[in-house]
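Enquirer: As listed in TrEMBL for this protein:
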type	residues	note
TRANSMEM	38-60	transmembrane segment
TRANSMEM	80-100	transmembrane segment
TRANSMEM	178-201	transmembrane segment
TRANSMEM	207-233	transmembrane segment
TRANSMEM	245-273	transmembrane segment
TRANSMEM	285-304	transmembrane segment
TRANSMEM	316-337	transmembrane segment
TRANSMEM	349-369	transmembrane segment
TRANSMEM	381-406	transmembrane segment
TRANSMEM	412-433	transmembrane segment
Amino acid sequence: MRKPGFAELIPGFLRLGYQRFLEAQQVRLASQVEGLPMLALLGLVCGLISGGIIILFRLAVDSSSASLLPSGTPEGFDSLSGTTRLLLCLAGGLIVGVVLQLLKARARDVGVVHVLERLDYHQGHLPIRNAIVQFVVGAIALVSGQSVGREGPSVHLGATGGSVLGRMLRIPNNGVRILVGCGVAAAISAAFNTPLAGVIFAMEVVIMEYTVIGFTPVILAAVSSATLTRVIFGDDTAFSVPGMATAALIELPVVALLGALVGCLAAAFTHLTLFTNSLFTRQPIWRRMLLAGLLTGLIAFWVPHIMGTGYTSIDALLLAELSLGFILILLAAKFTATSLSIGLGMPAGLIGPILLIGASAGAAIGVIMNSLGWGTAEAGFYTILGMAAMMAATLQAPLAALIYLLELTTSEAIILPGMTAVITASLVTRVVFGKSSIYRHLMLSRGLDYRNSPLSKALRRIGVASVMDREILQQERIMSALDAETLLSKEPRWILLRDAKGSRKNSVLPATDLARHLNELQHAKPVPNPEEMILDLYKIPAKRLDTAAITIVATLQEAHEKMLSEQCDVLYITGAHGPSRERIYGVVTREHIESSYRV
């Protein structure tokens, strides 16, 4: 037989080295504390990848819109005639509807709600197929002037970038969750050029928990994404916020009133969106998209400013360039168009539109205050407070909204009135009207819920590899007493029993029980010959435990759910990919899980 040459040995040698390195990293990342340096590096890489995807998405939308519109600007829909605006929205809705109708139901799931669902039910594994669909239909919706934002698609695309990176590197699922958060932070950072708001948004809205270990990679992702964005688009934030006089302390009651009114507005927005969703949820997707395009087009026929993200209108409101009458019309039109579009399932975002709704409400209050001579602050001050309050109340994310406000204004004077408006709006929406985050309501409308109990949070952070007991050996059920002695000489704690005929479930046997049985045999009279004595490990006196397999990348939450579904107290851990699936790495018991979350 020909001996393999040196060149033929290299690939196998490299694969073996990589496999051992990968296994070591999986164990480190499973605990997150030991894997923090690797997570930090991955967060940095994730920010660049996700930021690059968001930049491509933004360039695709902006360049397509600019080439389509007579004004040559991405937001210049008012340069079109009323009839053209109606037809554009109608055509866009029809195209989106046809594209989605041709896809399988699972491929249609996109947006922030999809990210939350995959985090909770699929350990953050986001399919590339859905991201491609989101890129295409999200771009079509924005270019055709639907009353939606680009932040929802950005979050989905960024989160998918982090998820795919984690799966390519085969890191444990608790690490994949953090990389999804990195992708979300990178997306918001790139969308608004506000890196710190991106970090808080990812932790508060998507991951829904704050951990010191989680912050490090997420911050690095936001920083790298913002850096890449500024290289391409410059240092300016999404909105041109002018210098403005802030309110005196005596005006804080007015700021609180603004927050309360915006809180009512946010509750009404959530209610109308959910009502529309429930009313049309059984309709075919193409019909819903066509209806969304028609309704948006009819409103845009009279009020073109509701088309697209509305960033240009927000700039005009911040500069106090619009009259009170037009502001109120814009508020009503954008409120109606966006709630109907999102309720009908238009596959794009809602953050940009709710910022415009909040800006319109705040600007209206500012104009009224100044016209009555009751305010010292400029109208733009109330405009930006309205934006933050609406974001906080609708998403139930007060800290993200406050940080966003601070980054946009770069003024510490905004903090006190900002806190007042944001908290008042959030409380009114949640306490008075009983509304939580609109994303959670949309999940509930799909029959899903985001399980975010303290126990779930604790178990999601830890991988099984960090707590597993490695002292385990495999053994067929039939063996000689001599082989049993040889097996015990290796000092295992557990023995995994596999029935060659497949007639029984796999079981684990404590090695001490086998040792006790051998000891009893040695004291029997006459003493049997170890070579001739055959043992059936399924029949000897022992405490055999039913078991099931779980992969080394799983979290303790997955292990806990597996134990409940399989009705067992012990799981044996296998590899997750390729030949490693046949390798047994260790066992995790119910006691391991309980001790982990008790600590």
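Note that Cβ sites are derived from N, Cα and C of the backbone, with glycine treated the same way.
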Enquirer: Need a quick answer: max count of Cβ pairs under 8 Å to the transmembrane segment (245-273), which of 38-60, 178-201, 207-233, 316-337, 412-433 is it?
Expert: 412-433
Enquirer: Given a Cβ distance threshold of under 8 angstroms, which distant residues of the chain, six or more beyond its ends, lie next to the transmembrane segment (38-60)?
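Expert: Answer is 25, 28-29, 32, 135, 138-139, 150, 153-154, 157-159, 161-162, 165-166, 169, 171, 175, 178-179, 182-183, 185-187, 189-191, 213, 216-226, 228-229, 232-233.
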Enquirer: Which sequence positions outside the transmembrane segment (316-337), separated from its termini by at least 6 residues, show Cβ-Cβ distances below 8 Å to it?
Expert: 147, 239-242, 265, 268-269, 272, 295-296, 299-300, 302-303, 305-306, 310, 353, 356-357, 359-364, 366-368, 371, 378-380, 383-384
Enquirer: So what's near the transmembrane segment (207-233) in sequence-distant terms, Cβ-Cβ under 8 Å and 6+ beyond its ends?
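Expert: Same-chain residues near the transmembrane segment (207-233) but 6 or more away: 32-33, 36, 39-40, 42-48, 50-52, 54-55, 58, 119, 158, 162, 177-190, 193-196, 198-199, 450, 452, 457, 461.
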Enquirer: Residues sitting near the transmembrane segment (412-433): Cβ under 8 Å, six or more positions beyond its termini, same chain?
Expert: 246-247, 251-252, 255-256, 258-260, 262-264, 266-267, 270-271, 381, 384-386, 388-390, 392-394, 396, 398, 401-402, 405-406
Enquirer: With a Cβ cut-off under 8 Å, give me the same-chain residues at least six positions beyond the ends of the transmembrane segment (178-201) that come close to it.
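Expert: Contacts with the transmembrane segment (178-201): 32, 39, 42-43, 46-47, 49-51, 54-55, 58, 115, 118-119, 124, 126, 150-151, 154-155, 157-163, 165-166, 171, 207, 213-215, 217-226, 228-230, 233, 235-238, 397, 399-400, 403-404, 406-408.
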